Structure formats: C-alpha cells, structure tokens
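Structure record follows, encoded as structure tokens.
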Amino acid sequence: MLLYIILGLLVHFVFFASIFDIYFTSPLVHGMTPQFTPLPPPAKRLVLFVADGLRADKLYELDENGNPRAPFIRNIIMNEGSWGISHTRVPTESRPGHVALIAGFYEDVSAVAKGWKENPVEFDSLINETKYTWSWGSADILAMFAKGASGNHVYTYSYDAESEDFGAQDVAKLDTWVFDNMKEFFHAARNNQSLFSKLNEEKIVFFLHLLGIDTNGHAHRPSSREYMDNIKIVDEGVKEITSMLKDFYGNDGKTAFIFTSDHGMTDWGFHGAGHPSETCTPFVTWGAGIKYPQKVSAQKFDDTYLEEWKLENWKRQDVNQGILPVDILNSTDLFKAESMFTNAVQILEQFKVKMTQKKEATLPFLFTPFKLLSDSKQMNILRKARSYIKQKKYDEAVSLCKELINLSLKGLSYYHTYDRFFLAFNVVLGFVGWISYASLLIIKSHCNLTRSVGKEVKKPSHLLPCCFVAIGVLVALFLLVQACPWTYYVYCLLPLPIWCAFLREFPVLQGFVTLLLTFPPSRFVGYLLLFILGVEVLVLSFFYRYMLTAGLIVFAGWPFITPLWTRAKSTSLSWIFFCLLLAVFPLMPVVGRKPDIFLVMSAGLLVLLLSLFVVTSVIKRKDSFVNEELVLHLLQMVSMVLSMCVVYGTHKSLLKKQGLPLLNQTASWMILASSFVMPLLSPLILFDRLFSILLSSMSTYLLLSTGYEALFPLVLSCLMFVWIHMEQETLQQSGISCKQKVSSIQFAYNTDITQLRDLYLDDLRRAFFLVFFLVTAFFGTGNIASVNSFDLASVYCFLTVFSPYMMGALMMWKILIPFVLVMCAFEAVQLTTQLSSKSLFLMVIITSDIMALHFFFLVKDYGSWLDIGTSISHFVIVISMTIFLVFLNGLAQLLTTKKLRLCGRPKSHLI
C-alpha cells in the first residue's frame, strides 16, 4: 500500500507541476539593448497617486445629495486634465496591479507561488530608470520596487505592518500618514541643501501608495460609510499635495500627476478575479504633457457609466494597465511618432532575443521560425517607419510601428509557447497510463477470473523492461542535445515506467476483456453511459453550482430504485430529507456576500440541541457509560458555547470599531488547538467518535463563519451518518453478512484487508458518491475557483492585522473541515462494507483523475483573462484535491482510529 501511495503522489505532483511549465512560465526576456526616445520629455517629475482598492464607480459617481464624492478630482476632470477607466487584468491583486502600472507589463504569473509579494524574476521598471524616487505607503508594495532597483536612488518611507488592522477604529489614518509624512519631507527639504538639489533634478518620481481605501473595503465593504469617507480624505490629501508641489516648484509647469488604482473590489469586499467591479479602476491625469479636458456631444461605450456619473460631456479616455495611452498626451506629433518607434524597437528586440534562445536550444531540422515576421520584413518596416518620420508623415509612422508591435507580440507568444504541444502530449500520456494502471490494480485484486489467469502466466521476460529502458535512454539523449530543463526529463520519462508496469499486467487486462464479453452489450453500454454522465455532472458543477443541487435531488431518489425503500423506510426517509436539505446550499449566494451573524448563532444552537440529545442517550446507555465520556461531551459543548460567545462578541466589537479583543483572540486559538485533540479522547465506537469529530470541527467552523455556511457542515454530517446506515443496509441486501450493527461497530486500525470480498457495482457507486460529496463539500457554499469568493471577515475572530499566509492558512482549514467530515464518514463506510480501503480509495482517485484529464483539455490560452485563469484553476483544483485526498485519508484514519488515554488509565467498552 505504501508503494502505491508514493507512486500515486509522485505522479500527481508531476501532473500538478506540469501546468505551471506549460502555462505559467515567465514571459519576460532578458539581454536586450536599452532604447530611448531622442526627444526631451515634457515633464521633469511625476507624482503617482495609487489608491489601493478604489473602484472607478465609487470615485466618479455623485453622492446621495447629488454632490461629487471627490470634488478636487472632479474639478481636474472638468478643467485641467484627462480621465477615463483603467482596465486591470486577472489576478486583481496589489502586486500585479502595481507591476503593470510601474513596470509596464502584466505580472509574471510565477509570482503566484510567492503570494504576489516577491520578485520571482528580475525586471526593469519606471522607478529603476529614474534619477531619484521617493515613495510613501505600505512596506509590502514599496519594497518590491526598491528591492529590484539598481543603485541607491530609491527611498521608501512606510508604516509598521501592525497598522494594517482591519478591525482598527480608523484605518483612513494609513492615508493621512502618507500625506502628512510627504508634507514633512518637503518642509525639511527647504532647510537641507543636498536634498533640495536632488528634488530639483530631472527624471524624479514621487510615489504615494494609499492603502486606507482597500483596508476599509475589506473591513466594511465598498458601499459602507467608512469607504466613502476615506475617498473624501484621499481627495482632500491629493488636493493638498498638488498645491504644495506647485508652490515648492514655483509653478514651473514641469510636474505631471497621475491618480489611479491597482484594482477595484467586489460588493462583498474582496478582489482577485475578473468582475468589472474589480477590473475597472479610475484613471485621472493632469499637468505637464497632458491634454486638457475635451468637451464632446456624444460618446459610445458598451456601458452606461457616463450617464450615471454625469460625465457624458467630458471625453473619456479608457486605458489598459501597463500600456502607454498616447491619446492623452499633449505633445507634438513628432514626439508621439518617436515614442512609438522606440516602443516598437524595444519589443522587436525582445522578439529577436526570444527567437535566438529558442533556435539555439532546438535541433536545426526541428526548428520552425515565426513566418509572419522574417528578418527582411523587420528591416523593411523599420526603414519605412524612419522614412515616414523624416518626411513628417507621422500618422503613417505610428501606424507602421503599431503593426510591428503587434507582430512582435505574436512572435513572442509563438516562441513562448513553442514546446506547449510537446509537453502536453507527454502529460496526457502519463495521465492515461496512470489511470489505466490503477484500474488494473483494482481488477487484479478483486476479480477471481484474473487470479486464475494470473496463475497460468509464465514468469515475465526481461525483454519488455529492456525495451522501455532503451526508449528512455533515447528520450534522455534527445532532451540533452537540446539543453532542455530538468523538468522536461520528468514529463517525458515518467510515462515510461507507468506504461511498462501496465503492459506487464497484460494477462490481467486480457482476462478482464474476456469477462466483459460475457456481459450483455446493452447492460455494459448503459453502465458506461451512466458513469460518463456522472463525471460530466461533476465537471459541470465547477462552472454551475446548481448542478450539485440536481445531483443531490437524483441521489434522493436512490432508495426508490432499490429494495431499501421497503426494507429500511425510516433510514430512506432520512436520506431523502437530508439530500434535499443539502441541495439547497449550492443555490445560495456565495459565502461572504451577505453576512448574517444570526445564522451563525442558529447553527451553534442546533449543534447544542443535538449534543444534548446525544448526552441523554449516552447516560441511558449505562452498560457502556463511563464518566470520562460524559465529561468529554460536556467539554465539547462548553467549547461550542464559547465559540458562539466569541463570534458574537467579536462581531459587536468590530461594529463599534474597537478592534479584536485579546480575550476573544486567545479563546479562538485555544478552541482551534483543542479541536485536534478532543476527538482522540472519545471512545472508538463508530457513532461516538464521528460525533465527537463533528462537535470539535463545528466549534472551529463557527469561528470561521460569517453567514449561512455555518449550517453546512451540520447538514452534511447528518447526511454522512445516514449514508453509513444506508450502505450497510445495501450490503445486507446483497447477501453479504454483516456481523455487527452500526451502533456497536468500533474503529480499529488495520493496514488493509485485501481479500475480504470481490468487487460489486455498488462499490463503484460508493466511490462516485464520495467524489460527489467531496465536490459538494468544496463548492457547496461558494465557488472558490474564483479568488474573490474568499472573505477576510471569516478570520476576524483569530486576527485582523493583515497577514496573507496566516489568513490563507485559516481559510484553507475552513475549506478542509467539510472534507475531513466526509473522509471520516468514508472510513466508516469502508469498515461497514468490508471492502479493501486501498481498492475503494483507488476508485476514488481514478474518478478524480478522469475529471482532471477532462479539465486538462479545457485549459485554454485564449479569450478573456478571466476565462484563461478559471480554466487553469479548475485543473489545479482537481489535481490538488486528488493530492489532498491522500493526506486527508491519513488524517481521517488518525481521527477515527487513534485513542489518547489520560493518566494512562485503560478503558474498556462493552460491545
């Protein structure tokens, strides 16, 4: 069993990593010669205001009284500068947004592995090219540009990380701190000759990162009074800074101002995905080199924002983050043409370097160049563009440069994805090989026919392994000649031992095919179509949560097509009731959008009522009753009451803006720690242990809940309890004797009992049920394939100061709790149905891998970035779920089979 686990983990880790090599490799190119525009820029200095988390609509719209929410910015739009919407791209996080704004390219996707906090690769930026840069704001944002800058010309001033507290009374102070410190800085500069001379140099940038709006949005939602008031504070601060700089520089007209945001925010206070509220950010610019407002009579856009914001008469100039908006520049046509020519040469240089790198790493007879941009075409376009500039045909020159830029970008994409089909083919080959081999392992262990065939097979020859070794050597030499990365060796060589192992079991496959031929074709096709339909429902549930509702409704009808309805009516009715009750959750809004403390407290009360019922039944069971069991139940009930008090108290404290009370925070962490220990103190009797796990899990889950999802684990667990009874009833009706009733079965750790019995079709159904319940546990209260479904309010009982890794770990545990409940129930199902845990688990893995293979073919690199990101995340989620299943299976075995003994006193249980 251990060998299979190691092999399975290795295969799935490779599958998981492959998607990053295929789609998530860095697109950046190094080694180009810098290119500069020969003409002087219109501005000597730039002031960049980035209001983190500011939505475009919240800035531009009028307030409830019909007045501008940001009067100074509104005045700029109407009298001094240009404005529009800046369109961000997925992921709408702070680091990718700032990289697009300041470095001019969309974030290297490999930064996701570092939480968008560190530089995964080196890149150039506006700040690196300045003479001096002074920046104020959050250390997380400022440090990432200072760290990658060459020389000692970037100066950062930031507040402590503890100031980023979502529960603080006034988080707008993060922005006032920035404005106040910049004012003090310029006041000190008047008395510091060295600093004064630096401030009067050319090519300098002042970068103000304003985090208050984002923090208020997370804490109170973008529609809150706090969020709106923070916008007014920022508007007033921008006005004061603008006035101060004009006075400091004597109104020399050489300062350019940009006010924008890195990303927006959803109505429920989160960001990361591609909803318009996250991708539409404000863009307002004025000062040196910027066009003045242009009044128009009509504008055509796909939205109705202009009418809503009462700005339909001022020309709106939308931009994409990271792309130079030439149309807003108030400069000569010559300057625009030269800037576009320089930009085109820069991108063409990247194309040349990328092509050279790929050509040197590919065998000559295998290299296929990008045909749309040959060397002759490059020279021809550059020559014509330069000729047009000399002839003062600037529009023609700009048009040619744009054509060259588009072709260069297509060529960069071509060489960047050059090996994609080759890698994908090998990954699919390994996928199919693993699924086939795992299926044969199950057949070999549980099919009498294949055992009889296996006895007649002669000792396998060494010819097959030698052939695969020879193929492996040839493949390795092929990769070595082309200087391929080491990961290519893994993807290309891993399928070989898998297929070798599969072909060594050819007699088993032969026997299975013979067995299938004895089945009526209609019956075989019917079962196959039913299985395909089930897998498709699971796949569709990743896109449409209501498919889970449809599946649960079908599950509710299961007793009617079996003898269960007549032989176990009460159990069947319970099954129908809880299936239909659980089916309601996928129809509910995603968690976090509508917080409701009343539902959280209601879930706690229901668990307490259920606990009282169980305690009463334990007391009545005098023959097996031990005082320590009662004490444990009471302690878990106290823990539940304490969780409810903490949730309620924290909610009230945050509403009053008094922060997270230390007592509540301490209690929360103690409850979380005890939830891992309490179940291990309970008896090993199946029902007692499962109920103890539920109580401990619910105590923690309440602390992480904000609304109706608090009820979800309770309903799910009730369905799991009924499922256990239903499976034992099914087994008894199949003619297999069950020695014990569910109420008296004990969890007993056993490595594996392979020869308990043969496989039945019901076992395939059980495996499918588990996968379906796991997917339901994953998506039942929200589609977390979309990053914005997370709600930071879930962790406010534990901490409110921003800590991405700790908050992420807590939210991950919240996701895993329903998984643990399902896996513990599955342990009980394996025990009651007397089937090898290895075989049932392999069937579950196979079903998950078929889904993963399905999603692998759905991954795409075209269309909107939201579609691309979602398609990749679906594959990653399924593969991660399969990997997690191995660990969750081990955790479930630990929780169900291990017993902690206090004071070394042995206990006995009458069965």
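Every residue, even glycine, has its Cβ placed from backbone N, Cα and C.
Because TrEMBL annotations are produced automatically, they should be read as predictions rather than curated entries.
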Which listed span TrEMBL calls transmembrane segment, if the choices are 3-24, 597-618: 597-618
Interface-richest range of 630-649, 699-724, 767-785 toward the transmembrane segment (524-544), CB pairs under 8 Å: 767-785
Segment-segment contact (the transmembrane segment (597-618); the transmembrane segment (840-859)) at 3 or more Cβ pairs under 8 Å: no
Proximity of the transmembrane segment (871-892) to the transmembrane segment (699-724), 3+ C-beta pairs under 8 angstroms: no
Residues of the parent chain within Cβ reach of the transmembrane segment (840-859), under 8 Å, 6 or more residues beyond its termini: 4, 8, 15, 19, 23, 424, 427-428, 431-432, 434-435, 438-439, 441-442, 535, 538-539, 542, 763-764, 766-768, 770-771, 826, 829-830, 871-872, 874-875, 878-879, 881-882, 885, 889
Within-chain partners of the transmembrane segment (550-566) [C-beta distance under 8 Å, separation at least 6 from its ends]: 537-538, 541, 572, 575-576, 579-580, 582-583, 726, 729-730, 733, 769, 772, 776
For the transmembrane segment (767-785), distant same-chain residues with Cβ under 8 A (at least six beyond the ends): 531, 534, 538, 541-542, 545, 548, 551-552, 555, 582, 585-586, 588, 590-592, 708-709, 712, 716, 719-720, 723, 815, 818-819, 821-822, 826, 829, 840, 843-844, 846-848, 851, 870, 873-874, 877, 881, 885
Positions whose Cβ lies under 8 angstroms from the transmembrane segment (630-649), at least six residues beyond its ends: 597, 600-601, 604-605, 607-608, 611-612, 614-615, 618-619, 661, 664, 667-668, 671, 674-675, 678, 681-682, 692, 695-696, 698-700, 702-703, 705, 797
